[in-house]
Amino acid sequence: MASQDVLREEPSRGSFINDPKIRGIFFQVLVVVLLVAGVWWIAHNVIDNLTRLRIASGFGFLKGRAGFDISESAIAYSSDSTYGRAILVGLLNTVIVAIVGIITATIIGFVIGIGRLSKNWLIRKICTVYVEVFRNIPPLLVIFFWYSGVLAVLPAPRDSINLPFGSFLNQRGFYFPRAVWGDGSWLIFVALLVGIAMAWFVARKARQRQMATGQQFPVFWTSAALIVGLPLLAYALSGFPLSFDYPKQSTFNLTGGFQVRPEFLSLYLALSCYTAAFIAEIVRAGIRGVSAGQTEAAGALGLRSGSILRLVVVPQAMRIVIPPLTSQYLNLTKNSSLAIAIGYPDLTATAGTVLNQTGQAVEGVVIMMVIYLAISLLTSLVMNWFNAKMALVER
Amino acid sequence: MQEHDMSWVRTEMVLAQPAPASVTGLGAWVRKNLIASTGDTILTIVGIALVAMILPQIINWAFINAVWTGPDRTVCATVAQGGIQPDGWTGACWAFVNAKFGQFMLGRYPIEERWRPILVAILFVALLVPMLMPKVPRKGLNAVLLFFVLPIVAFVLLVGGMFGLPHVETSLWGGLLVTLSLSFVGIAVSLPLGIVLALGRRSKMPIIKTLCVVFIETVRGIPLITVLFFASVMLPLFLPEGVSFDKFLRALIGVSLFAAAYMAEVVRGGLQAIPKGQYEGADSLGLGYWQKMYFIVMPQALKLVIPGIVNTFIGMFKDTSLVIIISMFDLLGIVKQNFSDANWATAQTARSGLIFAAFVFWLFCFGMSRYSMYTERRLDTGHKR
């Protein structure tokens with residue numbers, strides 16, 4: 001110990017140019033000086049340019065009247081609304097398409113990923129072709145394909161394609177019946193919530209009982225009955241308040257019902273198909289990452305194949321799958337900004353329009369960046385929490 | 001009672017029997033792979049139905065009913081739409097791709113100057129192919145030619161304005177030329193920049209580390225479109241009045257910086273996988289920082305992350321299609337722009353053009369991923385445990 005201390009305290013014998021500590025400080029100071037100089041130069045230029053273009057900096061412009069229309073909006077919006085509200089509408093549209101896309105992509109991805117591991121040769125090949133096709137073409141091309149290659153060449157509204165449940169498909173999008181909630185329909189939602197809460201409670205109790213006594217309880221059927229049955233009961237009791245507004249065919253257009261515009265539809269389908277190919281590969285890697293010994297051991301314990309999957313393979317595969325799955329979800333959210341190419345009013349599109357109208361380039365880009373960073377951070381936080389919950393508990 | 005002689009030993013072995021018919025041949029393969037159980041059989045039937053439904057339609061559309069040559073839209077339109085095809089006809093309009101092929105490859109590059117990009121393409125292939133074949137000698141010279149000499153020659157040839165070559169504006173470039181030159185420069189810039197950023201992120205100097213982390217995480221958190229917006233809207237504001245630079249160059253900077261951030265994370269993964277003993281061993285040999293990285297750490301780290309690096313390249317190759325947003329016309333952009341050509345507007349044009357573009361993108365990306373698998377196998381020194 002003592003000799004080491006002596007060695008450490010002994011001053012460096014070489015020239016101070018070769019001292020890593022001094023070098024480190026020198027390089028860092030150099031970088032800071034260069035950075036400050038660069039930022040100062042850029043700031044100087046920006047201020048110069050802005051005063052020349054007579055653009056007032058600051059976020060006051062967000063209160064101005066927008067003056068442009070947005071084709072799809074989840075909240076009330078008109079051209080008289082403010083710029084701030086226009087950006088909010090864009091943000092909501094981004095969030096909507098991202099959430100719906102993530103759900104669909106996950107479902108398709110899991111199906112395809114498991115299909116690639118199937119013992120069935122044909123299914124395996126079909127899934128491989130799907131993955132290899134979609135992984136190797138740009139997402140923007142997939143969006144254009146759905147938009148101009150498929151949806152734009154659908155029939156005109158006059159000869160819409162009839163689909164089941166009174167829905168229609170034509171050039172202007174997908175129409176389906178809109179649910180109209182009458183008086184007393186709040187009771188149904190309350191019943192649904194109560195059903196979910198009770199199902200959770202039952203599952204907990206059943207688990208405790210199985211842990212204590214080994215007796216099983218048909219949790220799935222009870223929960224299904226609670227979650228579906230209670231709202232149905234409430235529906236009947238409150239006098240059937242739900243009715244549907246069906247889309248009707250008129251001479252030139254369809255009226256009524258709920259319209260999903262082709263912009264949204266193509267963006268949603270393209271993002272789901274594209275991301276699903278990547279999720280499929282992640283799922284495949286995850287399942288293959290669980291060693292065969294685990295499956296065999298579970299089989300030796302006498303578990304049935306369904307239980308082996310549910311209790312042994314999937315929990316371990318999830319640990320491998322979740323981190324890359326998170327980055328795919330983030331990728332999907334970021335790729336939703338491609339909406340601008342087909343005119344779906346997402347965050348980038350509306351912020352871009354605001355930026356062009358007001359000339360507030362710096363603020364516009366800053367708003368975009370901050371919001372996307374916030375979304376990324378939020379998604380990672382949620383997924384990290386989920387990951388920590390699923391992670392291996394060392395005993 | 002006479003006892004049997006039990007000491008009989010077989011002197012000749014029984015000839016090996018062929019495997020039973022139930023485990024060889026086509027029948028056994030089908031039994032094992034297609035109809036192993038009831039569930040399997042149902043899946044197979046569903047799969048066959050799916051293929052039987054889709055495949056004939058695709059073949060019909062893409063080959064049998066397709067139109068391969070023709071002067072204008074009439075060959076791809078039905079009688080009702082003002083063309084020559086019978087009503088109800090659907091087929092690919094490859095005539096459109098055929099007629100626009102030059103544009104799809106080179107954009108609006110002047111016709112009489114088109115030998116220049118073609119010459120660059122030939123040089124590129126002539127240098128790239130030996131580079132990719134491990135057996136061809138003189139890799140060092142080849143790399144210098146490919147990564148240092150070729151870009152200069154290509155710049156002189158493509159831009160012109162010297163040695164008697166007329167100047168060609170980059171706004172006239174387009175098609176595959178833009179896609180390939182953006183991705184080539186992007187790849188050549190993002191790998192070294194990504195390595196530097198990754199080293200910076202693992203550096204012990206706090207300021208440099210922080211700067212690298214902030215840069216990497218910011219760029220990775222925002223979409224490429226925002227970066228391109230930044231490059232096209234904000235860069236001009238950053239420069240003094242009167243100074244401006246080319247839109248193509250701005251897109252190049254945006255794409256390269258974006259890819260570099262992703263590359264940095266890939267390389268960092270490789271750096272973290274190298275055992276500490278390698279660093280310490282290099283230190284004890286008396287190597288300096290850069291020597292240690294160049295001779296000991298990087299060769300091992302980069303080999304580990306080849307799949308990740310190639311994935312980033314593929315991602316960037318696909319992402320170059322986004323320059324359409326800042327109104328530049330890469331392969332996808334020029335295909336899309338040609339949809340609005342009234343001479344060729346039919347119901348089949350968009351589909352055919354997009355499928356052609358998809359095929360070209362697919363070829364490049366699939367080729368890259370296969371080559372990376374091959375390299376991975378070739379460089380595998382069997383040290384994996």
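Keep in mind that glycine also has a Cβ here, set from the backbone N, Cα and C atoms.
Keep in mind that TrEMBL annotations are predicted by a computer and have not been checked by a curator.
Here the structure is a predicted model, which means the values were calculated and not measured.
Sequence-distant contacts of the transmembrane segment (B:41-64) (same chain, six or more residues past either end, CB-CB distance under 8 Å): 34-35, 90-92, 355. Residues or ranges marked as transmembrane segment by TrEMBL: B:41-64 (among others).
Under the heading transmembrane segment, TrEMBL lists B:115-133 (among others).
As annotated by TrEMBL, transmembrane segment applies to B:145-165 (among others). Listed as Cβ neighbours of the transmembrane segment (B:145-165) (distance under 8 Å, sequence separation of 6 or more from its ends, same chain) are residues 113, 116-117, 119-120, 123-124, 127-128, 131, 173, 177, 181, 185, 188.
Annotation source TrEMBL lists transmembrane segment at B:171-199 (among others).
Sequence annotations record features per position, and here TrEMBL assigns domain 'ABC transmembrane type-1' to B:176-365.
Feature annotation from TrEMBL assigns transmembrane segment to B:211-236 (among others).
What TrEMBL records for B:248-267 (among others) is transmembrane segment.
Only residues 6 or more beyond the boundaries of the transmembrane segment (B:301-329), in the same chain, are considered here, and those with a CB under 8 A from a CB of the stretch are 107, 174-175, 178-179, 182-183, 186-187, 190-191, 194, 224-225, 228-229, 231-232, 247-248, 250-251, 255, 258-259, 262-263, 266-267, 269-271, 273-274, 336-337, 361, 364-365, 368-369, 371-373, 375-376, 379. Sequence annotations record features per position, and here TrEMBL assigns transmembrane segment to B:301-329 (among others).
Among the features that TrEMBL reports, transmembrane segment is placed at B:349-368 (among others).
When each of B:115-133, B:211-236, B:248-267 is scored by its Cβ pairs under 8 Å to the transmembrane segment (B:171-199), the top-ranked stretch turns out to be B:248-267.
Packing against the transmembrane segment (B:248-267) from elsewhere in the chain are residues 170-171, 173, 178, 182, 185-187, 189-191, 193-195, 197-198, 201, 212, 215-216, 219-220, 224, 227-228, 230-232, 235, 301-302, 305, 308-309, 311-312, 315-316, 319-320, 323, 326, 328: each is 6 or more residues past its ends and has a CB under 8 Å from a CB in it.
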